[in-house]
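Features of the protein shown, as given by TrEMBL:
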- 43-65: transmembrane segment (TRANSMEM)
- 51-537: domain 'K+ potassium transporter integral membrane' (DOMAIN)
- 85-106: transmembrane segment (TRANSMEM)
- 171-193: transmembrane segment (TRANSMEM)
- 242-263: transmembrane segment (TRANSMEM)
- 290-309: transmembrane segment (TRANSMEM)
- 321-341: transmembrane segment (TRANSMEM)
- 409-431: transmembrane segment (TRANSMEM)
- 443-463: transmembrane segment (TRANSMEM)
- 470-493: transmembrane segment (TRANSMEM)
- 499-516: transmembrane segment (TRANSMEM)
- 536-556: transmembrane segment (TRANSMEM)
- 550-788: domain 'K+ potassium transporter C-terminal' (DOMAIN)
- 576-594: transmembrane segment (TRANSMEM)
Amino acid sequence: MASTEFGEEGDSRGGMWVLEQRIDQPMDEEAEKLKNMYREKKFSTLLLLRLAYQSLGVVYGDLGTSPLYVFYNTFPHGIDNQEDVIGALSLIIYSLTLVPLVKYVLIVLRANDNGQGGTLALYSLLCRHANIRTIPNQHRTDEELTTYSRSTIREKSFAAKTKRWLEEQPYIKDIILILALVGTCMVIGDGILTPAISVLSAVGGIKVNHADLSNEVVVLVAVVILVGLFSMQHYGTDRVGWLFAPIVLLWFLLIGGIGIFNICKYDSSILKAFSPVYIYRYLKRGGKDGWTSLGGILLSITGTEALFADLAHFPVSSVQIAFTLLVFPCLLLAYSGQAAYLMHNLDHSNDAFYRSIPDKIYWPVFVVATAAAIVASQATISATFSIIKQANAHGCFPRIKVVHTSKKFLGQIYIPDINWILMILCIAVTAGFKNQSQIGNAYGTAVVLVMLVTTLLMILIMILVWRCHWILVVVFTGLSLIVECTYFSAVLFKVDQGGWAPLAIAGAFLLIMYVWHYGTVKRYEFEMHSKVSMAWILGLGPSLGLVRVPGIGLVYTELASGVPHIFSHFITNLPAIHSVVVFVCVKYLPVYTVPEDERFLVKRIGPKNFHMFRCVARYGYKDLHKKDEDFEKKLFHNLFVFVKLESMMEGCSDSDDYSLYEQQTERSREGLLLNNNAITSSTNMDPTFSSLDSIVSVTSPSQLNATVRSSGHVSNQTEVDEVEFLNSCRDAGVVHILGNTVVRASRDSRFYKKIAVDYIYAFLRKICRENSVIFNVPHESLLNVGQVFYV
């Protein structure tokens, strides 16, 4: 029986033997907690309210501080007519209702990938429902993971047709990936621009009472605050959230209360802005100037994209509760209060927020506003960390250090390198522009592009994942694109007035991500095409044509199947190899996490006396390959258990055994993994043919022992002998063999390919973290094997 993808090795002792063992067992308590951590039903009401409160300090700071600068960026040259104030307020009200409330909180947040948000989480969700991944390293066993949630699609449905179209067009896969990367890069741009505009706007309020204060002093104070903010990130989201949540709660209560005060004091007729008629009158009367002012209105919904990207830090329900019960009503009151004040003070648009504050509470509000601006920055910084971790797991970002800052929630992370890069770029933007209006133009460009990307990906989510009726898809797409394309057309007029900044930043990060992904794909393709045939391995004999020295050699490879070319390169240049060879593949799947008890897949390569194995360690994009000895211990534990199970299965001759084909049919029919054994043999098959994996997923040694005792068909002596042999080899020493593959552009390549591969990719490989650091390999046990290939 041949395998389509995973495994080209078999045991040729009188034929090829395939062993597959599944143990139907309850998950242990830790795995169960991990599996259900982000499922809403597992959160108590009290915990949800607590998380909703805490989410204020991480998710809503950006959206909440928009009142500081919206009217200034909407009317940078002053206001001529009271009707313009009503029209602008009407636009703000309906923008807040349609985009953050309806689109994101009610719809897009439901498209989370088991609690993970952001454009790459949407991409992962799509990858599980259609074969659109550009790195084809998946196997059918990956789909059996408990976290690999995927709904079935009826054959003749519109979703099935869409799926086939996506899978049959190679360029579509690249387009979807680039879309996801563009959205990711724009969120990174937000992480740079949000701190700049929020802190600068808040600190600028001091000039209301001290008009003689120079702009340079304001910028200097803003820079000092930004340095302090980025220096606090290593404490983690959990601690920062508890520190910032009371500040944001107080901020929303203050702006809501001041809004009510101003509506009652100045002009309650401003509430007629809830009629959309005033939007039409505003745009008709303003002409081109009215249309370009939409770039300022757009800033009222900035932070919405961070709301979705920050979802990994909190469950969906808590984010929805916080927005609907507190954030949304307080924002409406704040903007309405400022508009009521402007109705009688048309010349105060440049600092409408601070001038509308009652004199007695001006300084307390100024302090809270500055603190809230710092919190606003935290929202996009946290979102940037989350989305870069996802990009790294998808093979779209160089290897970097990722620190998990919370034992409760694995989504709360800190990335030191990115943190300092963001700080430098943020300070450069703050000191370079020195003008809220220009930073606002740049900010609006980044925000609207993220929203457009989210809409385009949501179309596919609604078709493939939710399988919505086409009318609902059209309505959602139409409303979203009308609003977002309108804003996009407005910010295009301001590209030369600061709007170029996020495009330049995003362009640089997009280049890095795409070049890294291109290099990763080419390296994987090279490994696939140059892997060693099983016939060649068998021809070498049990000694592999070398001296087998005591010890275990762990050969790290990106291949989940086949013997890598680096192994043949190794044994043709060295006279000896270890008594036991284990090919280790660490791969990331398009899932948020892989439970510990399902992480390792083990199989044997070749006959028993070759002592060669494969171990595949699978991770989700939220998981962290921890820097400790657990990985090696767990690897050997699973290896020993596999040997015991294999020996047990060799003595089985029970008539109730399922064939491999029957197992697969039964599993697909009943939708679960059966606790049975499968042995398939073929006596007349060429040993170069591929075989399905000999895989075992084990978590409980006690269950294993119980199964062994109940079998009665176990070759105990063989089992003990090989386990003792493996233990003795392990005691003799473990050597980690890593491949150092250098990618070069071929001589006939075009100049841009040579620049991308020979310079950009080579530079990124040089500065990124080594695999030996990621895997925590001790230097005294490390052996690097180099090779060069041309693309």
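Any Cβ shown, glycine's included, is placed from N, Cα and C.
Those TrEMBL annotations? Automatic predictions, nothing curated.
Within its own chain, the transmembrane segment (536-556) is flanked in space by residues 9, 12, 563-564, 566-568, 570-571, 574-586, 605-607, 609-610, 612, 632, 635, 687, 726, 728-730, 732-739, 771, 775, which lie at least six positions past its ends and keep a Cβ under 8 Å from the stretch.
Here the transmembrane segment (85-106) has Cβ contacts under 8 Å with residues 63, 70-71, 74-75, 79, 270, 272-276, 278-279, 281-283, 285-286, 290, 293-294, 297-298, 300-301, 304, 307-308, 319-320, 323-324, 328, 331-332, 335-336, 339, 342-343, 346, 451, 476, 479-480, 483-484 of the same chain, all six or more residues outside its ends.
Sequence-distant contacts of the transmembrane segment (576-594) (same chain, six or more residues past either end, CB-CB distance under 8 Å): 34, 38, 113-116, 121, 123-125, 127-128, 133, 137-138, 142, 145, 147-148, 393-395, 410, 544, 546-560, 563-564, 567, 570, 605, 611-623, 625, 635, 639, 725-726, 729, 732, 735, 775. Of the two recorded stretches, the transmembrane segment (290-309) does not lie close to the transmembrane segment (499-516), with fewer than three CB pairs under 8 Å once pairs fewer than 6 apart in sequence are set aside.
Same-chain residues lying 6 or more positions outside the transmembrane segment (470-493) and placing a CB less than 8 Å from one of its CB atoms are 95, 98-99, 103, 107, 158, 291-295, 297-298, 441, 444-445, 448-449, 451-452, 455, 458-459, 462-463, 499.
Across the domain 'K+ potassium transporter C-terminal' (550-788), mean pLDDT in this model comes to 70. Within the chain carrying the transmembrane segment (443-463), a Cβ under 8 angstroms from the stretch's Cβ atoms is held by residues 73, 99, 107-108, 111, 119, 122-123, 125-126, 158-159, 162, 166, 176, 179-180, 182-183, 186-187, 189-190, 193-194, 197, 295-296, 298-299, 301-302, 304-305, 308, 472-473, 476-477, 480-481, 484-485, 487-488, 491, 494-495, 499, 501-503, 506, all 6 or more beyond its ends. Residues 178, 181-182, 184-186, 188-190, 192-193, 391, 395-398, 425, 429, 433, 439, 441-446, 449, 491-492, 756-757, 760-761, 764 of the same chain, all 6+ positions outside the transmembrane segment (499-516), place their C-beta atoms under 8 angstroms from a C-beta of that stretch.
Within the chain carrying the transmembrane segment (409-431), a Cβ under 8 angstroms from the stretch's Cβ atoms is held by residues 34, 37, 115-116, 188, 191-193, 195-196, 199-200, 219, 222-223, 226-227, 230, 233-234, 236-238, 312-314, 381, 384-386, 388-389, 400-403, 439, 442, 501, 505, 593, 622-624, all 6 or more beyond its ends.
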